[in-house]
Amino acid sequence: MTSNDTIAAIATPPGRGGIGIVRISGTNLESLARGILGKLPDPRHAGLFSFLDQNSQIIDQGIALYFPSPHSYTGEEVLELQGHGGPAVMNLLLDRCLQLGARLAEPGEFTLRAFLNDKLDLAQAEGVADLIAASTANAARCAVRSLHGEFSSTIHQLVSALIDLRVLVEATLDFPEEEIDFLQSAHAAEQLATIRAKLEQVLVASRQGNLLQEGIKVVLAGQPNVGKSSLLNRLAGDEVAIVTDIPGTTRDTVRQSIEIEGIPLHLIDTAGLRETSDIVEQHGIARTYAAIEQADLVLLLVDSRHGVTEEDRSVLTRLPERLPVLTVHNKIDLSAQPPRLEENTSGPTIYLSAINGEGIELLRAALLKTAGWQANIAGEGAYMARQRHLQALIQAKELLERAAAWLHRADQLEILAEELRLAQQALSSITGEFTSDDLLGEIFSSFCIGK
């Protein structure tokens with residue numbers, strides 16, 4: 001995974017802009033700097049330079065910044081060339097760096113080198129990418145907390161507490177005749193209970209952060225002409241779907257992303273579900289069920305004038321059992337019913353009008369609740385957790401549940417010790433202490449080139 005060669009890349013987005021940056025990282029950048037700038041800039045001082053080609057002709061004029069090792073982003077020597085942000089200028093400058101011995105950086109390679117040089121751990125490195133990719137203000141704030149090490153610090157505290165408990169258990173194994181009394185006197189059960197409670201708090205906060213990052217996929221399903229497209233337009237605040245009185249107008253899925261309290265909701269309007277001989281409409285219905293398979297939540301729309309019909313119940317039987325369903329009785333403006341939310345054994349039911357907006361706020365609140373959103377946690381305490389973080393936390397939780405069961409079994413302390421070891425390993429994988437090269441490659445390959 002390690003490499004001592006010099007890498008270079010354009011660090012700013014493609015296209016035209018006021019400023020463009022070429023970033024270089026490696027060892028012994030003096031010769032490269034002399035080839036472009038005429039000299040190595042003073043460390044950590046911005047200087048105005050002419051950027052030169054191989055014939056000493058000026059490519060551009062701009063700012064150069066030099067960061068000596070180890071006090072740089074990557075932990076290596078880093079040189080940043082800040083010029084005018086035209087693509088031709090940036091490419092000429094990058095080509096000059098490659099002529100002088102640098103190679104083009106792979107996606108995420110600067111941050112990978114920062115990780116390998118202990119400038120940040122794996123969760124912080126992922127925080128860099130999450131901050132760049134954040135689509136909402138709340139997601140950006142959570143990503144900054146991860147980048148600054150708040151998530152990692154919490155994980156390290158859990159790992160440290162587990163190590164202390166493991167030391168106690170391993171020591172007990174050396175004195176089998178006193179093992180249970182020894183563990184009881186050291187309050188091992190209380191220590192384990194404290195670790196499990198803290199882990200549960202971290203898992204809840206991480207789920208909130210994952211929700212901020214990923215959002216939820218919501219499919220609008222139902223029979224033709226119940227107002228699915230009208231509801232999509234109402235939630236989106238724009239005319240993103242065609243609305244007519246003709247059943248079967250929507251033949252394909254229409255996708256639109258919105259935010260509710262900073263949570264991305266990926267809405268998918270679908271073809272009306274009914275028996276039809278129309279080949280095109282049949283394809284649309286097939287795509288509807290394909291979208292439902294990938295959804296996190298289904299809004300089943302029905303006409304409030306008719307209520308839930310046998311056809312609607314037939315649709316419900318075809319939905320995956322794991323999938324939460326919100327039943328929406330639309331068109332209350334025509335049925336003269338008040339907007340309301342009813343909690344039923346089958347799930348929440350909302351009465352609303354997509355045309356005049358009555359009951360829409362009830363739907364928004366129900367969407368957040370069903371998604372698991374907890375504003376009191378997510379405001380300042382959520383961690384920008386990825387799916388792999390959640391999997392590691394859940395694995396550690398299950399291992400510690402089993403460990404608690406083994407704790408009072410004098411003849412099974414070896415199993416207890418192993419469960420604790422595996423739980424520690426699962427948590428340590430979050431920060432990269434136990435991580436395969438394949439996983440590192442997968443994580444950093446999703447980064448931008450130049451980062």
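The backbone N, Cα and C atoms fix where each Cβ goes, glycine too.
Annotation comment: Swiss-Prot describes Arg23, Glu80, Lys119, Lys451 as (6S)-5-formyl-5,6,7,8-tetrahydrofolate binding site. There are 18 other CB atoms within 10 A of the CB of Lys119 ((6S)-5-formyl-5,6,7,8-tetrahydrofolate binding site), with all protein chains counted. Lys119 ((6S)-5-formyl-5,6,7,8-tetrahydrofolate binding site) falls outside any helix or strand according to DSSP and counts as coil.
Asn225 (K(+) binding site) carries neither a helix nor a strand DSSP state and counts as coil. Annotation comment: Swiss-Prot describes Asn225, Thr244, Ile246, Thr249 as K(+) binding site, evidence class sequence analysis.
Summarising the annotation, Swiss-Prot assigns GTP binding site to 225-230, 244-250, 269-272.
Here Swiss-Prot flags Ser229, Thr250 as Mg(2+) binding site, drawing on sequence analysis.
For 215-372, the entry in Swiss-Prot reads domain 'TrmE-type G'. Mean model confidence for the domain 'TrmE-type G' (215-372) is a pLDDT of 79.
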Integer Å distance between the CA atoms belonging to Arg23 ((6S)-5-formyl-5,6,7,8-tetrahydrofolate binding site) and Asn225 (K(+) binding site): 55
Cβ atoms near Lys228 (GTP binding site) (within 10 Å, other residues, all chains): 33
Distance from Arg23 ((6S)-5-formyl-5,6,7,8-tetrahydrofolate binding site) back to Ser229 (Mg(2+) binding site), taken between C-alpha atoms, in Å: 47
Cβ neighbours of Arg23 ((6S)-5-formyl-5,6,7,8-tetrahydrofolate binding site) where a neighbour is any other Cβ within 10 Å: 24
Nearest-integer angstrom distance between the alpha carbons (Cα) of Arg23 ((6S)-5-formyl-5,6,7,8-tetrahydrofolate binding site) and Lys228 (GTP binding site): 49
Rounded to the nearest Å - Cα separation of Glu80 ((6S)-5-formyl-5,6,7,8-tetrahydrofolate binding site) and Lys228 (GTP binding site): 52
Count of other CB atoms lying within 10 Å of the CB belonging to Ser229 (Mg(2+) binding site): 23
